[in-house]
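The divalent metal cation binding site annotation in TrEMBL covers HIS66, ASP104, HIS311, GLU315.
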Amino acid sequence: MNLRELVSALNDFASPSLAESWDNVGLLVEPSPPHTVNTLFLTNDLTEEVMEEAVQKKADLVLSYHPPIFTPLKRVTWKTWKERLVVRALENRIGIYSPHTAYDAIPHGVNNWLTKGLGACTSVPLHPSTAPSSPAEGTHRVEFCAHAEHLDAVLSKIKGIPEISCLTTLPARVEGEAQTRVSLNCSQKALLEVVALLAQNSLHHNTEILLLQKPLLPHTGMGRLCTLSEPVSLSDIIERIKGHLQLPHVRVAVGAGRTLESPVKKAALCAGSGSSVLKGTEADLYLTGEMSHHDVLDAVANGISVILCEHSNTERGFLSELRDALAIHLQNKINIIVSEKDRDPLQVA
């Protein structure tokens, strides 16, 4: 597949618009066009060892779940390991694409895969995603009626306000009088100017202001709140998670007033670093890769047990499922392989 065609297909699989605003997703490194992709190489972290593996396996595009370029690079030299990744990629005509939190949000993504470690359960996003550009431009809709003799001057001034869109006028009758109904969409900032202008022209009494709320996307968003079909002891949940993630050990903090035999009915989870996503959620258990010491203390004090599996251990196992899903999505047009060198940097000594 042509690289640009493949990137379009990857964006259809998980729209970059679903990623968090702070994230750096999409095509990060592009060899000079035209660039044909025969082999797509999947990894959780693009380290130098993994890059050498990609070179040896003749990859044309690396899909790295974590973006290897996150903070801006001021230069591309041989001095730092992230700069060297870019050099090696371009020398070997390898593109780099990163989906990161877009894969966290989608219904068929990382967090959905992580829920499978709990056993039979239903789940909903902790922080649902909204449609990126619906229902319309702007944050508010303003509607008002005015007599024709007042309208031209008011409309002229409104059109001079930035961030105004969808301005329409329609004939209307108000208390038996012929008037014109004006409707417009605007931003929060423009709303203040519009309201002030209408007040100056004594039109604010006939004004309606509607908040334009974007609809929620079903089953899409950050984190998951899972309700188990049957309560299970914390000790059993620990074993299930270890089995799902293929880990010999996890870290556990038992909530105040709880024991390893206490039942778990509701579990809140977030792959990777979950503190900000999980904080304040009522549940029996928090499951994530890593949390700060003080956030663990807060959870425990509130009677919530915590299971920490290390950051990338809650993500890496998804790659095999991703390989199969992408093979179907891309109609088996390219070879897709998963890195054998990608691994968590931490181990228990």
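Placement of Cβ uses the backbone N, Cα and C atoms for every residue, glycine included.
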Fewest other C-beta atoms within 10 angstroms, as judged across ASP104, GLU315, which are the binding-site residues: GLU315
Cβ neighbour count (within 10 Å, all chains shown) around HIS311 (divalent metal cation binding site): 21
Other same-chain residues whose Cβ falls within 8 Å of the Cβ centroid of HIS66, ASP104, HIS311, GLU315, the recorded divalent metal cation site, in sequence order: ASN44, TYR65, HIS100, VAL110, ALA271, GLY272, SER273, GLY289, SER312, THR314
Sequence-distant neighbours of HIS66 (divalent metal cation binding site) in its chain (C-beta under 8 A, six or more apart): ASN44, ASP45, LEU46, SER98, HIS100, SER312
